[in-house]
Amino acid sequence: MLFSLRRLKKLANLEAFSDQKVIDSLINLGFEVDQITKLNEISGIKFGQILEIRKNPEADNLWICKVQFADKIREIQTTAKNVIENKQVLAFIPGSKSGNTTFLAKKLRGHISEGMLISAAELGFNKHLLNSELDQGVLVFDPIFDLESNPLKVLELDDLILDIKLLWNRPDGNSYLVLANELAAFFKTDFSLINKEITGKFYSELKIINKTDSKIFALEIQKLPKLALVDIFLLLKSEVKIDNLAQNFANFILIYTGQPCYCLQLEKNQQKVELIEQKVKIKYEPDAISSYHFLDQEKKPLLIPEFSDQIIMENNSFFLIMPKFNLLKVKQIKQFLKKNSLKLTQLGKNYNYGTTFIALSFLNFFLEDQKIDFSWPINFDKSLISKKTFLDLNYNELKEILGLELSQEDISKTNLILEKIGYNFDNTSFSPPFYRVDIEFFADYAADFLRFYGLEKLKDCKLEQVKAKIPNPDFEPVKLKTLGYYETNSFLLISKKEDFNPLELKSQDLLTFPSQEHTKIRYSLAWQLAKITKYNQKRKITEINLYEKGSIAGWNHSLALASTIYTSEDLKKHLKILYNYDFDFLPADSEFLNPEKSQFIYLDNVLVGWLGQVVEKYNYENVTFLEILLSKVEKIPKKEGGKIKFRPYDNSQLKYRDITLSLPMKDIPDPYLKVIQKIPEIFSVKLINYVIINNQQKITYRITGPDQVCAEIDKFYK
């Protein structure tokens, strides 16, 4: 978004600071100032008031204007036909400059012209953004300015335009008030335009019947405000096209507060508006699109946002509509219209009710200053922003995250600054500013703390010397390929209706998302492999072994295997090959898993994964899965192996014993095998038979080893 540096300095009371210092502070606050452009190269212009207009008798299209300036009366010739007596103008007088041009008195068609009257385009504004009133000749306005004053200061024309790139999660930053508030906090100056209270002069009788999933707030205003010339110039600096009074007012509220607005007017006997979604077509487009319609009591459209605006009568009351539309719907409308306006862009961002509150608070101030009555907010209640989310404070963690030695005084001073932008602190917790959507974790607070504590303080930190280290090679892909698995990559995001979550992880619903099929972070990689397996089975591929490593919910890193060939016992062996840990397998009690064919995987009594098959309703009964949370496994220290002892070579023949376990259907053999595997010098334990007789599992294993192993087994069974 484009910002006027002059207006930011004015709002934040920073006139005493240099332009460069303020720009540097914006960068230190984390705002990317992508480009700095000077509005114009003008100096020496003056306010003047037209006293008399007469035609130059020696020219067809020249008018001689007698203009009163602060120092004297001058005659200036112009071709503009919109000059009016007793109106004020801006003028280059002798000695004024525009770039490399210096203006002098000059004889034109027999008469001296002591300068030149100024148009909006000559002030540095984009001609294509001007309406007919501003583009019909020279600038002409009511006589409200002191002729002694400097137009460059009064109209904020000696300005730098800052192109500031904001992060996607800072929609509140598309606002003069929010940026000015942060600057004022940074420089410790006064700022009072974001109040904590909103009022009204009367209660509106308007009823909004909302039949959509959007939120709609409104304010009834008794008269349409007319923006001052300096505020019209502010819109032009933001590359907003100048339109009628209603559009200009709505756009002004947008750039000041970040809240998109629309103006709506009703007949005197109507007090009800209905909001629906309905198809709309535009000229030269073959397709229609569903969009928002505001209807009157007779179901006639009053306003179709972004498609058709209502003409607002200047001296009649109207309603300022402040919507929070469905983000996906806005994205569809934006693509359909191939439009990239400031308002439509902001509508597509996830601003919260705090932005609406800032708009209402500013409107209180602005309308009172204009002496225009307004209602209490319609549909908006302060409770929408008073529900605060509190996060735990941990200053040791803060120091660790930032890598700084912070004193209690450093922390207290910085927190006082943060309170100016809306933070609330108590002894053990804090709540973020009511208008921010990006403060979800303690690390987000730490980032804000550093912005106001000072990024330059990081220079004082001495970096520790880090010795170069050659990373250990990752043999997992080679092992998995050797075992016959093929790697896959799936979407990180799933739809809301996909609830497969055997490990009961917590996911995050995204505030913005690409589609309804991708709205939250997946709970399980195995679930993604299941969908890929089914897709390949439909293509008549029956022998499938797949694996994937990736992120899942709760900041976990996971490995998942899926196979139509291998059994659960095979997957256990593969897990042992990949990670030489002593895993425990216990019966799985989960609504998502087949209790007779599934087990949870534990390591040191910590649940780290699952193995087996899913319940029948998912229709994946011929697929065996294994999923392990690598992020949990890596946190558990690996047990050191004992010292290696060499023994004399024994050339005697190995022997074996077959043992059969008789278990209930829901039981698993692993706990019993663990007892047997404690016998020293076992060479192998191999499954040789599995049958079900009278609802009992009969599982036969062959244990192979030297004489002493067989002796221990015989002793155990006797």
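Indices start at 1 and increase along the chain as displayed.
Glycine residues also receive a Cβ, built from the backbone N, Cα and C atoms like all the rest.
Taken straight from Swiss-Prot:
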type	residues	note
BINDING	Asp438, Asp444, Asp448	Mg(2+) binding site
DOMAIN	39-153	domain 'tRNA-binding'
DOMAIN	386-460	domain 'B5'
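Asp448 (Mg(2+) binding site) is surrounded by 22 other CB atoms, counting those within 10 A of its CB over all protein chains shown. Sparsest Cβ environment among the binding-site residues Asp438, Asp444 (other Cβ atoms counted within 10 Å): Asp444. Secondary structure of the domain 'tRNA-binding' (39-153), assigned with DSSP and counted as helix (H, G, I), strand (E, B) and coil, comes to 9 helix, 43 strand, 63 coil. Listed in chain order, the extra residues whose Cβ falls within 8 Å of the Cβ center of the Mg(2+) site residues Asp438, Asp444, Asp448 are Pro432, Arg436, Ile439, Glu440, Tyr445, Ala447. Residue counts of the domain 'B5' (386-460) by helix, strand and coil are 40 helix, 7 strand, 28 coil (DSSP-based).
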